Every structure is written in C-alpha cells, then in structure tokens.
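Data first, discussion second: the structure below is written as structure tokens.
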Amino acid sequence: MAEYSGPAKPTLALNPREDSQFEKDLTQIQRRAKKKKEEKLNSGVVYLGHLPSTLSESHIYDYCAQFGDIRRFRLSRSKRTGNSRGFAFVEFESEDVAKIVAETMDNYLFGERLLSCKFMPREKVHKDLFNQCNVPFHPPSFPAVKRYNQKRGHLQMLKMEYRFKKKEKLLRKKLAKKGIDYSFPSLVLPKPKKEISSIANTHGDSEANQDPTPVCTPTFLERRKSQLMEINDDDEIILKLPVSPVKEDTQKTPAPESSGKKRLRKRKSKQ
C-alpha cells in the first residue's frame, strides 16, 4: 500500500505524472480570465481633497470601500514630518462606480470640512501616481535628523566641503556639455578674510603721522604744558554744597549790640 503523504493539493491531475503540465495549463487559464475581466471593467480614479489631518489610510480606505471594490489607494504624506497633506487618490475597479462616488461625495460635509471629490480622466492620471501604494508608511527616522544636524569636527567639515565641491564641478561640466550657459553661486561659501591687514594699516598710519624724534624746544615745552593743563581741567570735578536757609537768615538779621549805659543806670538805682 502507498504511504499517506498529507492532504490532496487543490490543483491535482487525475494522472500523477501530468501534475506539472496540468498546473501550467491552469495558470494560463487564470491569467486569461483576469485579462478578460480587466478588459470588461475599466478602472476609474477619484481625487479626494480637503481631508482632515487626523484620518489615516485605513479610515479612508474603509469608508471608500462601501461604494465598490478598490484596486489601489494612496494618501499623500509629507516626507519630512510624515503628516497627511490633506488629499488622496482612490482607484476603483469600475469607472462607473468612480463617477458615482465623485458626484455624491463632492461638497460633502465631513469632519467640519467640505470634501472636494473629482473624477480624473485617464489622460490626467500619471503613470507613477500609485507607485509604492501598497508599501506601509514609515515615519521619518529622527536619529537620522539628529545625525545630520550634529556638530562636526574640523576633519568632517573638510570632507563635506570636498564632497560639495566635487558635486559642483560635475554639475557645471554637465551644463557645459549640454550647452547651457547658467551661472549659480558655489555650494561652499567662501571663508571671511581676517581683519589683520586693516589693523596693521591703521597702526602704520598712526606711526607715520607722528614725528620721528620731537625736539625739546621752548615752544614744544609750552605746547605740552598747555595740553596737560587742558587734560587736568577736564578731569577736575567741583562739588558745591547747598547753603542752608537758616544760616542765611542769621546772617541777614544780626543780633543787636548791648549798650553799656543801661547797665550803669541799673547799678546806680540799686544803690
């Protein structure tokens, strides 16, 4: 008796020797059937705009799947932040279903917003519109952002400058080969020149203006004295104290002088 080799395969020929040929014929028949379905049903693409930022791919897909079978779906997201841009593209298997969805859903109040739903003809649908639509979304990696914005050393900065200059040369060569006369600023900014030369020039001018060796003549000495006096006069600060009003009154009203005659009269009367 033959040993039991597990459950029977779904595509199994009556003659076990003809299994491989039978599978090939079956796959060809399935492909032809799919092509016939695609020829019968022309797909239609719908543009959805003014979408709330809180909606994700699963929410919009489940909502649109109520109208008919969806072939492809894509929600536009920012590559830098990963947030929704507020518009999406839905491809229905039937073009008639897509037109019905565009008519019914246009200006529909959804999440305090009026949706804009438009049917896109085949001429306006780009061939790369649904590229990587089946790939799940991954937010941008923040370690890569930190690595890009990190503080670099002197050697790392030199390597970056070398790479930028190399790219700039290649770009200029490509433009020259194509005959494009286009001038653009360099990718690496020129380093600012140090102000040593300007400082040296100022010192040289000041030394040149001075006399080489001043002669001690009487006119020169008088000039020096007058300069010193002006400096001392500027440095002096005179403080004036306010005069109290009581002293002024005392000065204005002097005390009366006592007369000696009155004293003598008093003594005589006592005697």
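Glycine is treated like the rest: Cβ placed from N, Cα and C.
Residues or ranges marked as region 'Disordered' in Swiss-Prot: 1-20, 242-271. As annotated by Swiss-Prot, N-acetylalanine applies to Ala2. Annotation source Swiss-Prot lists SUMO2 cross-link at Lys37, Lys178, Lys191, Lys247, citing similarity to another entry. The domain 'RRM' annotation in Swiss-Prot covers 44-122. For Arg113, the entry in Swiss-Prot reads omega-N-methylarginine. The phosphothreonine feature in Swiss-Prot is assigned to Thr213, Thr217; the stated evidence is similarity to another entry. If you look up Swiss-Prot, you'll see Arg223, Arg224 marked as omega-N-methylated arginine. Summarising the annotation, Swiss-Prot assigns phosphoserine to Ser226 and lists similarity to another entry as the type of evidence. Marked as SUMO1 cross-link by Swiss-Prot on the basis of similarity to another entry: Lys247. The compositional bias 'Basic residues' annotation in Swiss-Prot covers 261-271.
All features noted in Swiss-Prot, drawn onto the structure.
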residue: Arg113; record: omega-N-methylarginine; Cβ neighbours (10 Å): 13
residue: Lys178; record: SUMO2 cross-link; Cβ neighbours (10 Å): 8
residue: Lys191; record: SUMO2 cross-link; Cβ neighbours (10 Å): 6
residue: Arg223; record: omega-N-methylated arginine; Cβ neighbours (10 Å): 11
residue: Arg224; record: omega-N-methylated arginine; Cβ neighbours (10 Å): 12
residue: Ser226; record: phosphoserine; Cβ neighbours (10 Å): 10
Shortest C-alpha distance to Lys178 (SUMO2 cross-link) - which of the recorded positions Arg113, Lys191, Ser226: Lys191
Where Lys178 (SUMO2 cross-link) falls in three-state DSSP terms: coil
Between Arg223 (omega-N-methylated arginine) and Lys191 (SUMO2 cross-link), the C-alpha gap once rounded to whole angstrom: 49
Ser226 (phosphoserine) and Arg113 (omega-N-methylarginine), distance between Cα atoms, whole Å: 86
Distance from the residue listed as 'phosphoserine' back to Lys191 (SUMO2 cross-link), taken between C-alpha atoms, in Å: 50
Taken over the domain 'RRM' (44-122), the model's mean pLDDT: 89
Collapsed DSSP category at Arg224 (omega-N-methylated arginine): helix
DSSP-derived structure type at Lys191 (SUMO2 cross-link), helix or strand or else coil: coil
Per-state residue totals over the domain 'RRM' (44-122) - DSSP helix, strand, coil: 20 helix, 30 strand, 29 coil
